[in-house]
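Feature annotations, courtesy of TrEMBL:
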type	residues	note
ACT_SITE	134	active site, charge relay system
BINDING	134, 164, 237, 238, 239	substrate binding site
ACT_SITE	164	active site, charge relay system
ACT_SITE	239	active site, charge relay system
DOMAIN	283-374	domain 'PDZ'
DOMAIN	414-491	domain 'PDZ'
């Protein structure tokens, strides 16, 4: 509890008030004589018409708050969490270079009870409630408290980790107040919004702000991202609560914040309500979301990639890998294809394509406009269903490369793949390339996102099958030359561009 701090705060205010009174009194006594000779003018009169706009806005806030608060709930969860000691010892490269530490294992896994708080909003009279997946992720017990302080045990009906949306249900004794749906399509930057929820367990709290930006993606929060950014204060405990407009309509679900200190810093993110509604039917009827799937790994086209692939511009999405037996593979797609359009509409970036494909019903034909080897063509793909889990398909000390080159590869140390390393990295026996064993801090490679354990398979689209081949290619790269690496990480290929 923070009552001592609270007391000190109020004592400070009381002290300042007393001082202000003393100063005011002293000023009055000192000015008494001059006041008789030169009376001060009367204070300006504040006319009602001058504050009508502010009063109207204030009334709107009160009206919206009273209308929406009954449909906002507090959610508390209890979870049994298992933790493992010394996770660094599970790093395959730690074991490779240092072996297994004495008495490693750290003892048995540790279990502890974790309690957390979140928010949600009611979407049906009979007790269906929407919240964030991360609010109920590990929950063994979920409790919902309504605005009238009534408490209910809740059951998880459906959850979708990819959008961070979940549906829970209670069985109330009477019909519940339901939130009004808005549409995120009608939201603009500058729209006034109210964020509602239970920050730090302070139930039925409301903060006000504006929409700061739209379509925020690549935040590393969820797999499918299209966030509304707001400066309305969002704090721990707000997760799952509604973001509403001045009509009292929900336009988003408060989900995350950008912070350097764990608290509010003016940047919050909400899932657009249209995305929430899109997954609700599946969650309420199937407990999961059925999504369309192509079976490709994709990344945005950068200027360096556009130059390497001789593309006319920087628009589109690069296919960095095609999974075996996937819809894309069956349709004839290849690694290196650049997707420019889907069903007649331009593709803006990787996130745009991922979202749009996910919304296509499995079994539906989709037309992709692509560029391959400089030529534009259309490919028809029968969209599949995204699998719940995508499964991917000698002993001597491996040779290592030097880490110093007078070009963009400086700071990268690689080593040959052998049977042991393939096993540690869960790589198929036929995997070819060199594995990154170390990256110099502050190097260009580190800044580009390369990591230990990445397997470099091509440099500027030329295969690299050994340390000798890597050194031979690296030594011929100029100091100011751009480099495109084909990298294998966690079973997926990607292209990494390095520019001096």
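Every residue, even glycine, has its Cβ placed from backbone N, Cα and C.
Overlay of TrEMBL annotations on the structure.
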{"residue": "134", "record": "active site, charge relay system", "Cβ within 10 Å": "19"}
{"residue": "164", "record": "substrate binding site", "Cβ within 10 Å": "26"}
{"residue": "237", "record": "substrate binding site", "Cβ within 10 Å": "24"}
{"residue": "238", "record": "substrate binding site", "Cβ within 10 Å": "32"}
{"residue": "239", "record": "substrate binding site", "Cβ within 10 Å": "27"}
>> For the C-alpha pair, I'd like the distance in angstrom between residue 134 (active site, charge relay system) and residue 164 (substrate binding site), rounded off.
In response: 6
> Reported in the order helix, strand, coil, what are the DSSP residue counts of the domain 'PDZ' (283-374)?
Replying inline: 22 helix, 28 strand, 42 coil
> Which whole number of Å gives the largest C-alpha distance between any two of 134, 164, 237, 238, 239, the residues noted as binding substrate?
Replying inline: 15
> For the substrate site given as 134, 164, 237, 238, 239, which other residues of the same chain have their Cβ within 8 Å of the site's Cβ centre?
Replying inline: 118, 119, 131, 132, 135, 236, 240, 241, 254, 255, 256
> If you run through the domain 'PDZ' (414-491) with DSSP, how many residues end up as helix, strand and coil?
Replying inline: 18 helix, 23 strand, 37 coil
